[in-house]
Protein chains: 2
Amino acid sequence: MSHKILVAQGGGPTAVINQSLVGVALEARRFSTISHVYGALHGVRGIVNDDLVDLGQETVANLEAVAATPASALGSTRDKPDLKYCQEIFKVLKAHDIDTFMYIGGNDSSDTVRIVGEEAKKAGHAMRAIHIPKTIDNDLVGFDHVPGFPSAARFVAQAFAGANLDNAALPGVYCAVVMGRHAGFLTAAAALARKYPSDGPHLIYLPERTFVVDKFLADVKDVYERYGRCIIAASEGIHDETGEAIITKLVGKSEKDAHGNVQLSGTGALADLLCEEIKNKLGIKRVRGDTFGYLQRSFSGCVSKVDQREAREVGEKAVQYAALGAESGSVGIRRVGDYAVDYPLIPIETVAGKTRVMEPELINAAGNDVTDAFLAYARPLVGSDMPEVAQLRKAKVAKAGVLQGDAT
Amino acid sequence: MSHKILVAQGGGPTAVINQSLVGVALEARRFSTISHVYGALHGVRGIVNDDLVDLGQETVANLEAVAATPASALGSTRDKPDLKYCQEIFKVLKAHDIDTFMYIGGNDSSDTVRIVGEEAKKAGHAMRAIHIPKTIDNDLVGFDHVPGFPSAARFVAQAFAGANLDNAALPGVYCAVVMGRHAGFLTAAAALARKYPSDGPHLIYLPERTFVVDKFLADVKDVYERYGRCIIAASEGIHDETGEAIITKLVGKSEKDAHGNVQLSGTGALADLLCEEIKNKLGIKRVRGDTFGYLQRSFSGCVSKVDQREAREVGEKAVQYAALGAESGSVGIRRVGDYAVDYPLIPIETVAGKTRVMEPELINAAGNDVTDAFLAYARPLVGSDMPEVAQLRKAKVAKAGVLQGDAT
């Protein structure tokens, strides 16, 4: 019996999500039992609209170029199917004789895979549904880490490495806001920017801890007095003790997506708010804020080679699992060495709709930095070829003694 | 007679400003007539504070590592010396027997070089003052282009290439704000991101043209109707017909620096304002804004090789001009081929305190894009190794005809 695969991409794009797509498309060519690989345009929406493309008609050269291109090449969607939506999906899958559905995405997308798989079973439709992981948030339960995160982490680390140098040259306070609604992994990656003892980020605020404005200001004051400057990494998802996002204190009306999430990205409001607090309460003059925004997930030309390879491999493994007759599941990533991984097929229920947050041992006691355990965890992911930075050793020249106040 | 060089770095850092510093430090080692190369910490402020370091005590390996590091390794300043400040500078330079002052910086720094040079002449102090160019704004009069701009342009192009793909995957309006107070070169570099006909940025707004909100909204509407999405590059310096910056319409109180400039960077307000206008007036739901902020001038790991080489060469040439007995001046960059440059020493008066803006032939008639002449000008600067992006060719699968409304 020959297999027909349909693959789609869901949720926010990443720098390596097309590696997984191309992993599926190319690996399938090795199996005579796989007759077709179709792609759906804009995720599950492309299925219910019957907007499919034949990936068998793509050239290898172009597929390889697409693999190296950030953001979902098939297009993506934020749609989250309900039962009715799922039945529409079936109708189209059945009409095209698709027996294997692969969805590349994060926890919302993995939940879609679960629903589609369950409904297929109920309907007596012999179809496997395989989840291929991706998310810059790194928040999939059951995973050591998730493709897309290492490249985004690398972007954040390179950004803070540069910001630290810029801030050392023209001292002041610099506060940058990083993506991550519930999980602080990406914000924590800012710590990978540090090399010399006085390097920033000096303070890292994660959504796993309550953000207390007065404590924040005391932290900034302390660092500023010590170094004459201060670099802060703050997650967009930081919230007060009631769980209310700090950003909603500023933004009156909030925009929500289909998953009921408040819009956190695509606005510079949080960084501006934090900077205003520092200026007004601490009286520091030079305070600057940045919001890394969409750059951190789709900047062209900043990718971790480790991430690239692993994203390709999860796509390949998905096809191998399907061709070898495995049931539905999620292609997992398990760390088996320092540094080495393998890709077990894990039950979709482990992942679907759940959110991993940073484990307590990765966050320092004060809740304003990461631990060495986090550095050991994250360092291998961003690749061994991070850009190097260096300082002058600055051998002092003896003062000429012509200034007022010099001891001459 | 042996020479003593003092070198300093002024103004905003760039990705390659340390190439010029290291060019000075290493090239000086070739000349037995040069006894010392000192560096001043934090620009001219380091001179008046007599905070000098001996670059002769740096190792070659560390200097090369510093050269590859973004942001001013000696530290920088926004101080602009007046006559009294200059007299303090002299006092220190004289006390250390410095006969050659080199200042790596933009148009404010070149004006400092002019003032110091003139005051030295008046005081009968035999000292040459050489300006070594750098600025991401590319706004020095008399230059083909300025070191620092090509790397920043590359960052902007890579950022828009990624943003374009992200926006194609999850369609909507995306508006990113780019640095550039008076000169639009860096914002214009967004155009280098385009490859396929429908690629963004679709609209580019420069400070060289009046920004009319109604015209802007009409432009966005038009693009959105054509492509179902729209990518906008806007300079932070866009202003209305009275010359008032669009951002000051939003930000009530404005912060000014020592040069009387309103703070434009380090806040996401302008992007947020433009996005609000689009949401409210055009009724488009998914509208996202980013402000590239400090990343564009100091991101670690995004550099043009052309820029790297040229920044090194202007430092080397400054030393050669000094060693060969040239008078004061600015190390120019002249394009002598497609693509090749040379480095004439040009009169400091050509550059000092003046601002180049984009020539009319580089901007399209509608004032919302660049011309092919700009692309031909800018393309060689970012280097021939820009990251490639690619699209799937998307061979359509015939619809199964199971959907309502299908012609079955």
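Note: Cβ is positioned from N, Cα and C throughout, glycine not excepted.
Features reported for this protein in TrEMBL:
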- A:4-321: domain 'Phosphofructokinase' (DOMAIN)
- A:Gly12: diphosphate binding site (BINDING)
- A:Asn107: Mg(2+) binding site (BINDING)
- A:Asp108: site 'Important for catalytic activity and substrate specificity' (SITE)
- A:Lys134: site 'Important for catalytic activity' (SITE)
- A:Thr135, A:Ile136, A:Asp137, A:Met179, A:Gly180, A:Arg181, A:Glu236, A:Tyr294, A:Leu295, A:Gln296, A:Arg297: substrate binding site (BINDING)
- A:Asp137: active site, proton acceptor (ACT_SITE)
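Everything TrEMBL records as a feature, shown here on the structure.
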residue	record	Cβ contacts under 8 Å, 6 or more apart
A:Gly12	diphosphate binding site	A:Ser76, A:Gly106, A:Thr135, A:Ile136, A:Arg297
A:Asn107	Mg(2+) binding site	A:Thr135, A:Asp139, A:Leu140, A:Val141, A:Val351, A:Ala352, A:Gly353, A:Lys354, A:Thr355
A:Lys134	site 'Important for catalytic activity'	A:Gln9, A:Gly11, A:Thr14, A:Val16, A:Ile17, A:Ser20, A:Ile104, A:Gly105, A:Gly106, A:Val146, A:Pro147, A:Gly148, A:Ala311
A:Asp137	substrate binding site	A:Gly106, A:Val146, A:Phe149, A:Met179, A:Gly180, A:Arg181, A:His182, A:Ala183, A:Phe185, A:Leu186
A:Leu295	substrate binding site	A:Phe155
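By a Cβ separation below 8 angstroms, chain B lies close to these of the binding-site residues A:Gly12, A:Asn107, A:Thr135: A:Gly12. Considering only the residues assigned to substrate binding, A:Thr135, A:Ile136, A:Asp137, A:Met179, A:Gly180, A:Arg181, A:Glu236, A:Tyr294, A:Leu295, A:Gln296, A:Arg297, the longest pairwise Cα distance works out to 16 Å. If you average pLDDT over the domain 'Phosphofructokinase' (A:4-321) in this model, you get 93. A:Gly180 (substrate binding site) is surrounded by 31 other CB atoms, counting those within 10 A of its CB over all protein chains shown. Taking the recorded positions A:Asp108, A:Glu236 in turn, the residue surrounded by the fewest other Cβ atoms inside 10 Å of its Cβ turns out to be A:Asp108. The two recorded residues, A:Glu236 (substrate binding site) and A:Asp108 (site 'Important for catalytic activity and substrate specificity'), show a Cα separation of 19 Å. In this structure, the residue listed as 'Mg(2+) binding site' is part of a helix by DSSP. In this structure, A:Thr135 (substrate binding site) is part of a beta strand by DSSP. A:Arg297 (substrate binding site) falls within a helical segment according to DSSP. Under DSSP, A:Gly12 (diphosphate binding site) is assigned to coil, being neither helix nor strand in the three-state scheme. DSSP gives A:Gly180 (substrate binding site) a coil state; it is part of no helix or strand.
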